[in-house]
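See structure below.
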Amino acid sequence: LLQDAHNNSVLNNEVLGAFLQSGRVAGLSRPVEIQFWHDMVLDASNATCVFWQPGADAGSTGSWSRDGCETTHGEGTVICRCNHLTYFAVLLLPAGALSPAQLASLTHISTIGCSLSAAATLCTLLLCCFSSTSCPPRSCRQWLRDNTTRIHMHLLATLLLLNCSFLLSTALAAGTAGLCRVTAALLHASLLCALAWMAAEAFHLLLLLVKVYNIYIQHYLLKLCLFAWGLPMLAVAAVFIFKRDTYGYHAISTSEGYRNVTIVSSARCWLTSLPAHYATLCYAGLILLFNTLVLARVVMILRRIRRQKGQARKDWVTVLGLTCLLGTTWGLAFFSFGVFLVPQLYLFTILNSLQG
């Protein structure tokens, strides 16, 4: 009977109703205390005292709310103190769920960071193009033939595409289902391509540092493009064609998800399939592991060739720059559990949205 739109579960399936025949009781200066017993491990983040709020419209059944209620946890009990009488329960929430305020702040940070990154990558690409047309012909040809510069420009292009598609995924979440699927597929493809070009950066850096001489790979840049552009795009296109429902509307639950309040920032166009989500995590994990090993190798080489006294600071600046270039900060995604969840989300959002 007391089932809300989010199918949240109630502690021990128990609902307690308390009323007075004389009429409605609300706004009490001294709250009513209700105790719920249990044999589970609970805390304030995933067990909250709520009351049933009937729907205002005839077609609306109602929803759980915690207005006017405080939650206290004891040994084997959850104590609810509420300033009114109605139906009470303890609502169980997913462990580590974000509050709406945290979700809103993370959304603002990611929007600002991705906007700045998109502007920076676009300006850098335009600057590179205009510089190539205004410089002396011989130096321009040498600059454009430099594989390092070309790889950097490809990475910039994928980051621009990733930031733009991420911003679109939020804006178009309220649009049509077909447009949302296309946007989600574009976001997924741009993420896979960006990670692949970070791996290409790591591979190229490894060749430059470890094999300094006699480096020649026929059609080197073409092969990198087939790996970093072709394979991710082909995989996403195949999934979109044969299993289109993998992409679509993705809602982010919060610790107050039981309220019948729609938070626009909590939805975007993204993956709707858990297997696809785990496959993406595995793909990212392999690339980030390779990039981290390359970064560790670079640090060892820098320490070995360091000769001047003041060069250590320059080395660490180089390492920090390479950390951003190789995208090793994306590895923070694998620490989204327990007490690390909220700090990790803020670090992940700030560092990676500003990568461009």
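Keep in mind that glycine also has a Cβ here, set from the backbone N, Cα and C atoms.
Because the structure is a prediction, the values reported are computed rather than measured.
For 1-98, the entry in TrEMBL reads domain 'GAIN-B'.
As annotated by TrEMBL, transmembrane segment applies to 85-103 (among others).
Per TrEMBL, the feature domain 'G-protein coupled receptors family 2 profile 2' maps to 106-356.
Residues annotated as transmembrane segment in TrEMBL: 109-130 (among others). Cβ atoms under 8 Å from those of the transmembrane segment (109-130) belong to residues 149, 153, 156-157, 159-160, 163-164, 166-167, 170, 346, 349-350, 352-356 of the same chain, restricted to positions at least 6 beyond its ends.
Annotation source TrEMBL lists transmembrane segment at 151-174 (among others).
Sequence-distant contacts of the transmembrane segment (186-209) (same chain, six or more residues past either end, CB-CB distance under 8 Å): 147-148, 151-152, 154-155, 158-159, 161-162, 165-166, 168-169, 215, 224, 227-229, 231-233, 235-237, 247, 269-271, 280, 283-284, 287-288, 290-291, 294-295, 297-298, 301, 322, 325-327, 330. The transmembrane segment feature in TrEMBL is assigned to 186-209 (among others).
Here TrEMBL flags 221-242 (among others) as transmembrane segment.
Residues or ranges marked as transmembrane segment by TrEMBL: 276-296 (among others).
The transmembrane segment annotation in TrEMBL covers 317-342 (among others).
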